[in-house]
Amino acid sequence: QQRQKLKKCGGDEKRVDSRTIYVGHRPCPDTEAFIPSKFCDNRIVSSKYTVWNFLPKNLFEQFRRIANFYFLIIFLVQVIVDTPTSPVTSGLPLFFVITVTAIKQGYEDWLRHKADNEVNKYPVTVLEDGRSVKKESEKIKVGDVVEVVEDETFPCDLILLQSSREDGTCFVTTASLDGESNHKTHYTVPDTEKDLQALPATIECEQPQPDLYKFVGRMHIYKPEQEPAVRSLGPENLLLKGATLKNTKKIYGVAVYTGMETKMALNYQGKSQKRSAVEKSINAFLLVYLCILISKAVVCTTLKYVWQSKEGQDEPWYNQKTQKEKDTNMYLKMFTDFLSFMVLFNFIIPVSMYVTVEMQKFLGSFFITWDKDFFDPEIQEGALVNTSDLNEELGQVEYVFTDKTGTLTQNNMEFIECCIDGFQYKHRDTRSELDGFTVTDGPVNKLQQKAGQEKEELFLRALCLCHTVQVKEAGSEVLADQVDGIDGLLLPQPEEERGFIASSPDEIALVRGAMEYGFTFLGLESKSMKIKNRENNIEEYKLLHVLNFDPVRRRMSVIVQTKSGETLLFCKGADSSIFPRVRPEEVDRIRMHVERNATEGYRTLCVAYKQLSAEEYAVADTGLREARLALQDREQKLMAMYNQVETGMSLIGATAVEDRLQEEAAETMEALQGAGMKVWVLTGDKMETAKSTCYACRLFQRGTELLELTVRTLEDGRLKREEKLLELLRDYHRRAVQDAPPVKAGVTRSWSTANQDYGFIIDGATLSLVMNPPREADASQYRSLFLQICQNCTAVLCCRMAPLQKAQIVKMVKNSKGSPITLSIGDGANDVSMILEAHVGIGIKGKEGRQAVRNSDYAIPKLKHLKKLLLAHGHLYYVRIAHLVQYFFYKNLCFILPQFLYQFFCGYSQQPLYDAAYLTMYNICFTSMPILAYSLLEQHISMEILLDNAALYREIANNAMLRWRPFLYWTVLGIFQGLLFFFGVRFLFSNPALQDNGQVFGNWSYGTIVFTVLVFTVTLKLALDTRHWTWINHFVIWGSLAFYVFFSFFWGGIIWPFLKQQRLYFVFANMLSSVSAWLVIIILILLSLLPEILLVVLRKPRGPHSRQVYLFLPFPF
Amino acid sequence: MKNEGEAAKRPDNTAFTQQRLPAWQPILSAGIVIPGFLLIGLAFIGIGIGLFLTSQTIQVWEMDYTGVEKDSPCFRCTILSNQNCTCEVTFSLSTLFTGPVFFYYGLSNYYQNFRKYGVSKDYYQLAGDTGYFKSPEADCAPYAYDSKKNPIVPCGAIANSIFNDTFELYQIINGTKKQVPLDGKGISWWTDYNIKYRNPSPVNGSFAKSFDGTVKPINWPKPAYELDLIDPNNNGFLNQDFLVWMRRAALPQFRKLYRRITDGDYAAGLPAGNYSLKVHYNYPVLSFDGRKKVVFSNVSWMGGKNDFLGIAYLVVGSLCVVMSVVMLVVYAKFKFSDDDDA
């Protein structure tokens, strides 16, 4: 039966739900044949193209873009059908666009290749045929036995076979995977012999799946002349790619999942192309213009045939048709006429806008990399831009999802103060503490003045004993050699500061804190804990029981026996879980301190103790042992036992530990909230910790009413969990949504007490209940209630989140009503999914690996840089690109409108008004540089003002500059100017004798005059909008105009041998020799800009802040 | 990426990279705009008055001679069968028509700006390149080859449809007709005549020989090399009437310069009196409901008579002045009402 299964696995991997791995690729004696199965290799691929498929794939992707496809069609129509303009006029810009985009995307992909290679080429050691071989990481195959040394990350998912530690364990930190930086213990598979070179074993395990905490497998170890031993494998045997080996010299493991099948890779969501809201607006506008274009073509075609139906109009004697034309089917003619009109007017959809937008984004993103404010001297790096497509999205963020550990906080616990018996002991380095109210003259002296020595020592002993901290063994060579027989060449390390390892960093902080007061924990050796007391005597305690921490109880205890035979229970835990279990009269003295500390953002713990009599201990001991061995309901039994033991204690003190916030975390958060963004904290961390962080960075204020939706609040004897959940949701909804005054968008957060602030807290388990309720029907109700509550809260905290849950939350908000723009910021691999999910993903170049940075759109060294990134860069980019887009549509509308109007005067014959050179060059040369310079350099408000007034960010919220209203304004402006250009010149040409020698002007003169007015008007319109004239702006604006004049002279000054018709020969020069032409050009330019100037002046608000407010609007609408 | 020096990683601290280039930040404040508008307005009114007055001084006399009405002199020429028809239009001038007088012909409802019509010519032929005489540009079709497949030079619809009415102007002095000399030089663009259009070089000293193997355009009575047999500089593609025609009009209603009256007794203008215009009526326009007219006009520095420009300047100028006044009122009102930034 087993054999059959094995065979199946080897042959057909995809269909079965488990895979079989031959450790070290050795055939096993028990299976008939060794069938090497195909697994994917250990390459991580985040790049999109290879050298070979770049061209076809990139072209395909580019032409999937509606605009590019449209231009391709136009180009093909021009090639096939006889159209008024040559294919070059649209082919050249299209070629230009495609080339520039391809170069840009190629460059970006090259960067991704580089990043991939860094990972894939990382050298690893693999055991092969008894030798260790150095390989590149990407060469690892499933079944390879891999060696990993301390502080290296695992190159793929491994089953731990052998560890250099004696007890067959190793420590890893999964900081870059799930954000937990504590050390986790993993175990070797029992019974794997020391000799890995010839271990005949197979592993049978499930197919790759993304859940980081689940793994099921079996290992068959074949021994000669014995039944194969079967060992079950669980997550505790699996070392995940991306995790780092700690405090263990070396391990060996067999690769089970490689490359894109590792759990880390599976936790990345597919990189979908992120589109910015601006791009969506562009597409919407594009559709409008497409409609305008089509209706123009339809109108012209219809009128043409109406007009032609009149006798003599269709084919006057002076312009007869060829025989072929006469023979053409009438409907076919109509169709080709329609296409010709499309081609004639196609310039209304600006092909060059795309290339300008691309260039603006690409070049503009350099300003982020160049910004020296983003440079962090610590890591010697500045900001990094991975995608330049989203620059403007930085100015549109409505929701900020931030990771806690490593992002808001430095993940660096520090013991701040303690309170013993109601007296406050504050420990600080004297140099760092200058607070007026803190008196600091050395901690030890302080202690003795306040509480009785006995109490102090009891408290400090409690701190030293009540924990699960281990002392780091590194540094003692003897020990290293004993454990690690293979590698004896380890360099002797200097005795450094005592290292501790613990599952929670604040336990270490507490132990260190006790050390400051003279009690040092020396370590745990064979069930006895050693501490060094103030008199430098070693005290020894026998560790009897550890009552582990769990999030529901929210406390932990140890039971120890002193030398003198006393049995003591020390308990530490959250205030809420300790206070009910101690004598009430002791509580009040300490509660005050605890509450004060909590509001200051510290993590507080209360410490209690109890002396157990021999009988009591005996009861507890047997109870605990029984519960531990229970086969059924072990958890509940243990819990009951713990609760039974942890009663009737006496409170001895409290501690305050600070998780140091990132620099300027609170200021940054405040600025973000001031800018109208809602900040959500998504963390995998415990609720208490996260909550205190939220207080510390002022996301929750003293007056904030917290709405809690956690496993704890759902614990209710009466109701089932989902019923309780619904009840709570309804209740919170009533409080936060219905009773609250409607929150107006853009209103500054009120500080008055009348307006209640709400904070919302939810944990992962409850969230999954909300998202996937047992009854499917409730899902939408739950979700909408939940979302509404969240949206009305100033800050939301989601704790105990799995990486994918973070993404789920982001997705939910992203898809909610109004589809707000979301931003995720994080530093670890656990944030990757949320970074990928959000509209904008920001990676922090923190300590926890590079996954977040690599998958982010932007990476910054510190949280504090987010403020400038959003408020200054984002704001400016948005204004720049919005103006760019509107301007582009506008300038092409007034470019093409005269050409459309001209059709009414040329018998709808598709006669172009402008020469082909002008048609082609208009967008590429004459009017492109000023807007590009504008869109790179404009600062309608200076960066300092933007940073100082976060509220300015609200001015551009909700895509304010690309809504229909401003779009309509620009369109009307374009139409107005187009009409003016055409009819102004039309009236002038009622007498075409415009020169003082009586000679007349022809149609190309007409077009050239209109075109000259056009180029000058649109350029000067931009000049009017420019608020920030650097020399570059001057150069390109005046330079463009000069270039236009120069080009026109040049183009008309030479008989071009390659042209079939010298249409513009001396047209421009002749035009300039006519005074009337000059005068009409001047008046039309002025008249076109007149309304603009008037609006600017009349709209200027007056008042104390006039200058500032006025500056908000780069143009009136 | 890793081993580069610190300096390489630290962003350049230049004004450009830090977006701190020195910049001029103009504000369109009322203080600038109001006087600016006033000045522009006054200047425009000034120019407008100048333009308007100039336009008023320009004399124009024009007359439709299509002959649509039965009693009009050219009516009989509208009958198609009537070949080589001439008609005479008389008119009188009450005052001196100051010279130089420019003689235009005008066509309406005539679309020289049809796209197909517009491209229907061969520039290389017109530049005198005989290599293209035998193989006219395809765009010239159906005026590229005649029915016997002979290439047409100059090919194309524009050349073929050249305006071929001719005019003679007489002053009637005491019942006798005195011909007014019409100057056909300098009516086309200098660059067209001197650079853009070129005649083919003569073959064996004979200009006509260079046209060997080609035929004249269908509608032409004589080939290109016989357009002006008197003045060789006005012959072939350099014939000024031809050049004027080849410069396509922008609109379906247009006028083209026919002659200038600059010589002899009429250099100072056409004196008051009776005149007779003899029209050699060849050009059919009624089939497409077109009209023909003759225009006498003198010109000023701004060209021919055109009231539009003057009026436009006056209107815009007054608008600017009115605006500046309105703005002044608005500004003053607001400025006093909330006493802003002093």
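Heads up, the Cβ atoms here are built off N, Cα and C, so glycines get one too.
No curator has checked TrEMBL annotations; they are predicted automatically.
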Quiz item: Between A:783-805, A:967-989, which stretch does TrEMBL give the note transmembrane segment?
Solution: A:967-989
Self-check item: Among A:R603, A:R800, which are binding-site residues, the residue with the most C-beta atoms within 10 angstroms of its C-beta
Solution: A:R603
Quiz item: Which residue counts does DSSP yield for the domain 'P-type ATPase A' (A:122-263) in the helix, strand and coil classes, in that order?
Solution: 17 helix, 64 strand, 61 coil
Exercise. By DSSP assignment, list the helix, strand and coil residue numbers for the domain 'P-type ATPase N-terminal' (A:37-90), in that order.
Key: 30 helix, 0 strand, 24 coil
Quiz item: Among the binding-site residues listed here, A:T405, A:N830, which has the most company in the form of other Cβ atoms within 10 Å of its Cβ?
Solution: A:N830
Quiz prompt | Densest Cβ neighbourhood among A:D403, A:F549, A:G684, A:D827, A:D831 (binding-site residues), 10 Å radius | solution = A:D831
Exercise. Take the C-alpha atoms of A:R800 (ATP binding site) and A:D827 (Mg(2+) binding site) and report the distance between them in angstrom, rounded.
Key: 17
Quiz item: Can you tell me how far the Cα of A:D403 (ATP binding site) sits from the Cα of A:D827 (Mg(2+) binding site), in Å?
Solution: 8
Quiz item: What three-state secondary structure does DSSP assign to A:R603 (ATP binding site)?
Solution: strand
Quiz item: Checking the binding-site residues A:T405, A:F549, A:R603, A:G684, which are within 10 Å of A:D827 (Mg(2+) binding site) at the Cα level?
Solution: A:T405
